[in-house]
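Take a look at the structure set out below.
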């Protein structure tokens, strides 16, 4: 799906008439490797071949609006009421973003009233709209030292009109929605409902995805903290498996549709023998299948360590008609509930190894809540802070229906709808996955051939 | 200084005639957001204004050769001898890079002989050339669990011809120099000496700089681990200063010419009240000077926390004719030895606060060795591994006098000489420094005006 | 069960005739707060009332032989072969103990041959007795940097005579069994079989129990590392529960018969609202039951955090005739397999809260493998090292059928059979549990009265 | 110095007339391995020889009053005002103790007014007595997540009468002094001044010493956290030294009079080659001196790692008439300022190695502030909490001029004056130091003979 410049344009609420309280700091700034000037834009693509594909003048090449403070802003800060909410699953850094927003708005823009809505979009329902908390710099000073979110979170959609009513009732001018694809979709709906009622409320999305599966974002905030924590659990099962006769270490990591956490954690830990991700189908049976490889590994090395993204191998559950595992229901956010691939693997591996006389010691762990709840690491702390600053600037400049993101190390504005238009996934032909294969020495595929391809047979 | 396409071209030793052992894995690969195809190139610049500045067809726009494996390679892997050395100060990740190189070369390219030279370039002198150690995958399997470098390191230049003699004596075909700007300069000299003698030896640089001051590199490996560790020491002096009457916490961090560690650590820790970096001069005295601000801070908040990059305020030492501190000597790598700005600050702050009746409790720490020696964190572990893979690919494909680097999240080849042609520094007008100012609330400058500029007077 | 001096006497293989290589270091040593002299003994009991209960002269008061080096030893070190094995579940510090043994024996006693048997007692079967590895100081130098055990482990008993055969075949003079109550029992059997055959082999037990449930030991090695790790998981579910509507955080910790890990981790974390341990029965239903308290907590605070020792509430499984959960089988070590109290709690809590209109968000984690596999912390590292030194000294001095232990901070020799004669448990009337109650503010009991006792009704 | 039972008796303010709010919890409690009953006492000594030295009936054997809650208490909790202060250098766990005190007093004893005095004893001067903060459970809920002390600290004595005036003015009934030997001495003076004025104020000491040098305490709170942190810095300089030609790693640790931190950290880290502590004098010169050993080490292993307690080798500074280093001044707490043994060592080692052709790379770090300011680890968190509970119980029961301490794992009451009557030091003949020698393989002494002793010459 090709994107054109027009696809990347951002909605403005209107002309910027107010001097920014920050304008004094902005006078000398111009585009450099460390800054993009107000009028400049950031290229979407970054290779010669991609550039050559667009036979247009530079200013027509697909590009994003640069994020950052503007000299003139849309809202009069002294009369602005801001709202903040967090929705979806936990992710390291949520409190850092909340804190960064509050500090930037209150200290630098002198915004006097900042409201936190409780438990995600639920906090905008009529039932809960009065649970709001007032947020001040003093209140949020140390919240980044704890994981989770002080505002609470939840899944699930709410009626857009009811939510707009809440915003109106509280006099909210700018709303920050920190959430995943469910949250970004809801923010888009909300923004449409606001527009339909002709209201002057900016809706800014701060994309949150521990799986790193949202597009137009280098790495989503919290991702590095998450895979660092995941790495430790790979080490745990490696230690357990290595110390047990025919040990099988199995760790299930987050990754519904994208195996980034599994891939990165496996590269960082380097104790993983097999990485299974949603992007790469695998077969269990047959001479090239996973079970045969597991067996071979246990025979040779004495044990095996498997890193499993939760969304991997979902087709196997269907094939096996394992109706109790093959979830077709959806959760409150509308996500299809995943079948339990971990249960299938434990069963099949145990059966297989037992059958060949290698009765295994199974060491399984599902550390998801322990990973999601960690405090943001140093890198993510800085990232969240700067992302929050960018979001505050976007709102004050009257952008709306827009997400702030980091694109090839520049902060940019991305139209909200684009954030849910595609998924960021591990490219089976990309260099990340190739490094995983080189490091684990697992075969490129387990008995499942992509068309016209020859499967290498374990190349270490 | 403008760069043209020709400046970014990379030297090849010659035509690639051998099939790569990895070629099978490369058949389906093409440029995508996660991969750059063999023939494609990565743009140097990334904004519309920068692109518009080059009035040339896309294929003439300045761009880097993409790193990565090639289907055809220059060396016959079965007969290759590789050499590896690490030089300059310690940096998290050195062992990870060594390990990644050895694993890629030995396991995937089937290189049979890999030598480690001891203690940097010294290991290539006639005196020490026989101290080499043989490196195997088994040998390096767990070395990434320790900081430092198993090969040892040192500073200082050596005679290029003597070093070439060592390479010839050991039959080295490809040499990997993991080092800082001193190391990159030495590698360039060495490469020239090799060329002058018409030898067929590839020299690949893996740029190492804990200060993040080398150009054409998103963030140098180890940098994130370093600033994460630095963050903890800011917390330490914050805790100490906050618990002491008129506490002054002062932490000296690495950063000879570039204040990245100080800036990032301060953003991550968020306990810093003042950040001083080499890029931003500051005055001590006067109503807008540092001392007045420190005094004001102690009066108001009870204590103050200062993060000092070691290269900050060097001009103050000259001005004060503090000959015992003002180092004009150079170290073995040719770096000018820095004067002791920390001593000056401790003295002046103590004197000033005492004089105004706020006799301070000084809490000073210089944690440099504790930071340099940490184990690479999860992110840097992955980064080092992938960088090492890229370096191995470059060497086998016959590139020489080239550094591997990560440019806007793509691995690329950069001519060695370019790596020392400029310095990466914190842009006083960029958004990183702006976030520091917004977070610390310190004034943009302490009593030193840049021409034509109005100094804001502490904007929190 | 009262213990008399005779119960605490230790078996000697015979008279000590050889000068210890360490004797020179021992000349000046005499009993002090930091040392117990060779001929002296350590009191079993430590209060006036306990002492008064023994109407005997001091030298008849129950006391342990002090551990430590002897000037004269039983074995001629130059001809000793030592054997080491680890058995039972993983516990932090196993590698530290192995390493301490090897270093002490090889470096200080100059023992030339040290064998590691693989995978616990299995390594002494005829089938596996040749899987032994030779252990040297060089080999074990860095093994304490990894969790687990380099020797592998397993559960299950083996035929004592077959095991003695293996010892004889390898010429083992001293055997170190690092294991739990299963291991201590097996070592006792083995020792008896050795004695029955009139062999001159010393068997030394190093008691290992992550649950801290072995007697005559201040805190078992690895326990502090374990509860420190457990603490982090309590924090994880606290963060998750606090961020979810009607959040229920539930963490299942180790503790088959003794709730020490749960109690200490809950005190350290201080986010726990309820701690359930095997020593204190609890009822689910009724106005004083757990479910009512959970409901009350969620209503008041919005969420609840429960720390569950795996062995808690086993009677509830029987009561409920939950045959699928109520395990009556035994594992390979002869331990009764526990029923799944966690499943029962999840079900009953979810049902109860849903029924009262507080449909919960359940955040459950079972981190056992992640806890067991951690690296020993600083304290345990020192403890393991000193314990290993004591074990080596005991063996060289010809003690046998003895465990080395730390009793009120003195290292002592405990007859092996005593180690399995009773269990160390949390005293419901002791000050540890009282501190737990004071900290969580949970009621002393949930609807289960001990005879003649009045149950306080939640005293915060 | 022999202690008799009378030396261990504790002062009571008077008869306990009030029912304790906790009395219901105490009905069933009796002496067990996990509890000491109210009327029982804890033996001072623990070996048969020590016991035999006292030819008296059990109830006359020297013993401590057990700490813990009493059924009857002295103060009427509803009318009590409590005061808390922290003094001396920072130590991990200060906030944990403050928090434990506040929670126990407020939640369980229902004490309504708890005051925190600012910056140690200074907070009791007339100038600062009104800087007090009111402490509530809500206020202190999360303070244990930060190092340092929320109350601030300082060194230095104050006039006892002025301090009593402050207590009277605020109506303080019980005062908790968390401090080191300076603090314990001051608390004793204060208590005497209170008694002289016939006031009814309890003074309870909570002994704090990061050096672990106070007597009658197993290990002082924070000590384990401190040496765990110290261990990391030994690793840092080990990594640095190992990677440098002729590397000398030197880390200066806390330990004015007692080398516990150095000893434990060196055992835990096991990278240390030489440990120097105040208890063991050493010579620099001569064939058995430190310099010769350092040289030998660098020749053999390539580098050396030295762990230096700050109070080691003070006599060398006197000998050398190094007046600029040989501090004879005292600090505000009356402690003699130590001379700079680190500077002397750096100079002498550099000179010596350079002279013998091994010009060293010196890697020195003084991490003191980074160690003192760490957050208490899991063990210390539990310890501090229980110690705080014991202190609260002691105060409410009307004990005064008493310190709470942990003696062979029992919490006891120790008369305040005893806490400063002697020092806890590493016993050169004890098993801790012997383990250090066995682990580092350093000689028992460097060229300094204790009378009548033969010095072994490096026994590895």
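Each residue's number is its place along the chain shown, starting with 1.
From the backbone N, Cα and C atoms, a Cβ is placed for every residue, glycine too.
Among the features that TrEMBL reports, domain 'Phosphofructokinase' is placed at B:82-394.
A sphere of 10 angstroms centred on the C-beta of residue B:182 (ATP binding site) encloses 22 other C-beta atoms. Secondary structure at residue B:182 (ATP binding site), taken from DSSP and collapsed to helix, strand or coil, is helix. The ATP binding site annotation in TrEMBL covers B:89, B:155, B:156, B:180, B:181, B:182, B:183.
Per TrEMBL, the feature Mg(2+) binding site maps to B:181. Note: residue B:181 (ATP binding site) has non-local neighbours B:209, B:213, B:214, B:419, B:420, i.e. same-chain residues 6+ apart with C-beta under 8 A of its own C-beta.
The annotation site 'Important for substrate specificity' is assigned in TrEMBL to B:182.
In the three-state DSSP reading, residue B:255 (substrate binding site) counts as coil. The 10 Å shell around the Cβ of residue B:255 (substrate binding site) contains 29 further Cβ atoms across the protein chains shown. The feature substrate binding site is assigned by TrEMBL to B:209, B:210, B:211, B:254, B:255, B:256, B:310, B:369, B:370, B:371, B:372.
The active site, proton acceptor feature in TrEMBL is assigned to B:211. Packing around residue B:211 (substrate binding site) is summarised by its Cβ count: 29 other Cβ atoms lie within 10 angstroms of its Cβ, all protein chains included.
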Nearest-integer angstrom distance between the alpha carbons (Cα) of residue B:89 (ATP binding site) and residue B:372 (substrate binding site): 8
Local backbone state of residue B:370 (substrate binding site), from DSSP in three classes: helix
Secondary structure of residue B:310 (substrate binding site) (DSSP, helix/strand/coil): coil
Binding-site residues (B:89, B:156, B:180, B:183), the one with most neighbouring Cβ atoms at 10 Å: B:183
Alpha-carbon spacing, residue B:372 (substrate binding site) to residue B:183 (ATP binding site), which is rounded to whole Å: 17
Binding-site residues (B:155, B:209, B:211, B:310, B:370, B:372) in Cβ proximity to chain D, threshold under 8 Å: B:370, B:372
Distance, residue B:211 (substrate binding site) to residue B:180 (ATP binding site) (CA atoms, angstrom): 10
Average model confidence [pLDDT] within the domain 'Phosphofructokinase' (B:82-394): 94
Where the record names B:209, B:210, B:211, B:254, B:255, B:256, B:310, B:369, B:370, B:371, B:372 as binding substrate, the maximum Cα to Cα distance in Å: 17
Set of same-chain residues at least 6 away whose C-beta sits under 8 angstroms from residue B:370 (substrate binding site): B:229, B:233
Recorded ATP site residues B:89, B:155, B:156, B:180, B:181, B:182, B:183, farthest C-alpha pair in Å: 12
Pairwise Cα distance for residue B:156 (ATP binding site)/residue B:211 (substrate binding site) [Å, integer]: 19
Where residue B:89 (ATP binding site) falls in three-state DSSP terms: coil
Coarse DSSP state, helix versus strand versus coil, of residue B:156 (ATP binding site): coil
